[in-house]
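Trainee: Annotations per TrEMBL:
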TRANSMEM  6-25  transmembrane segment
TRANSMEM  46-63  transmembrane segment
TRANSMEM  75-96  transmembrane segment
TRANSMEM  108-127  transmembrane segment
TRANSMEM  133-157  transmembrane segment
TRANSMEM  169-188  transmembrane segment
TRANSMEM  194-215  transmembrane segment
Amino acid sequence: MNSLYDISCFAAGVAGNIFALALFFSPVPTFKRVVKAKSTERFDGLPYLLSLLNCCICLWYGLPWVSDGGRTLVATVNGTGALFQLAYISLFVFYADSRTTRLRILGLLMLEVLVFALTAHASIAFFDQPARQLFVGCVSMASLISMFASPLAVMGLVIRTECVEFMPFYLSLSTFLMSASFAMYGLLLRDFFIYLPNVIGVILGAMQLLLYAYYSRKWKAGESSAPLLA
C-alpha cells in the first residue's frame with residue numbers, strides 16, 4: 001500500500017470488518033439463554049440460516065477468481081460471519097426442543113448448501129470474466145439487500161408500540177457503521193455490487209437510529225410516569 005488511495009480502501013474495509021464483528025456477536029446473549037435453559041424455547045433458527053447463505057455468497061464474490069483482483073476484506077468479513085452462523089446453527093440444532101425442529105433445520109441447511117454449490121458451480125462453469133463477476137455480484141447484492149431489509153418488520157413494531165425494547169441501540173448502530181464503512185469501501189473500489197446494498201444499509205440503519213432517538217424518550221417518559229405503587 002503505497003498511496004493514499006490504497007490506505008483509504010484498506011482502512012474502510014478494516015473498519016467494516018470491525019463493526020461487522022459487533023453484529024456477529026449480537027446473538028450471543030440469546031444463545032447463552034438457550035444453553036442455560038437447554039432449550040431453544042420459541043426462538044427461530046431461520047435468520048441464522050439466511051445469514052449463513054448470505055455470508056457464503058458474499059464470500060464467494062470476494063474471492064479473486066470471481067471478482068477482478070479479489071475483494072479480500074469482503075471475503076474475510078463474510079468468512080468470519082459464516083463461521084459464527086455455523087456455530088449458532090449447531091447450538092440451535094443441539095438444543096432444539098423436538099426432533100421435528102432439528103430435522104427441519106438440518107433439511108434447510110442441506111438445501112442452503114445445495115443452493116450455494118449450484119451458484120458457485122454455475123458461476124465457474126457457464127461464465128467467464130467479466131460476466132462471472134456480474135452474475136455473482138447480482139446474486140450477492142440481492143442477498144445483501146434482503147438482509148438489510150429484514151429489520152423493517154421490527155421498525156414497524158417500534159412505530160406501532162412506541163417501544164424500542166425489540167430494537168437494540170448498539171445493534172442498529174453497528175449496522176449503520178458497518179454499512180457506512182463498506183459503502184465507502186465499495187465507492188473507492190468503484191464496485192457497484194458492494195456500495196449499492198451498503199448505501200441502502202446506511203439509510204435503513206439511520207432510520208433505525210432516528211426511530212430509537214424519538215421513541216426511546218417517549219418509552220422512558222412513559223416508564224418514569226408510571227405509578228410506583230399499585
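Backbone N, Cα and C define each Cβ position, glycine as well.
These numbers come from a predicted model, not from an experiment.
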Trainee: Three or more CB pairs closer than 8 Å, sequence separation of 6 or more: does that hold for the transmembrane segment (169-188) against the transmembrane segment (46-63)?
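Mentor: Taking Cβ pairs at least 6 residues apart, the transmembrane segment (46-63) and the transmembrane segment (169-188) are not in contact, as fewer than 3 fall under 8 Å.
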Trainee: Which stretch from 75-96, 108-127, 133-157 shares the most C-beta pairs under 8 Å with the transmembrane segment (6-25)?
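Mentor: When the Cβ pairs under 8 Å are tallied, 75-96 comes out ahead.
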Trainee: Under 8 Å for C-beta pairs, could you tell me which stretch among 46-63, 133-157, 194-215 has the largest tally with the transmembrane segment (108-127)?
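Mentor: Answer, by Cβ pair count: 46-63.
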Trainee: Under 8 Å between C-beta atoms and at least six residues away from its ends: which parts of the chain pack against the transmembrane segment (75-96)?
Mentor: 16-17, 20-21, 24-25, 27, 31, 34-35, 38-40, 43, 45, 48-49, 51-52, 54-56, 58-59, 62-63, 102, 105-106, 109
Trainee: What residues in the same chain, six or more past the boundaries of the transmembrane segment (133-157), come closer than 8 Å to it by Cβ-Cβ distance?
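Mentor: For the transmembrane segment (133-157), the far contacts come to 47, 50-51, 53-54, 57-58, 60-61, 66-68, 119, 122-123, 127, 166-167, 172, 175, 179, 192-193, 196-198, 200-201, 204, 207-208, 211.
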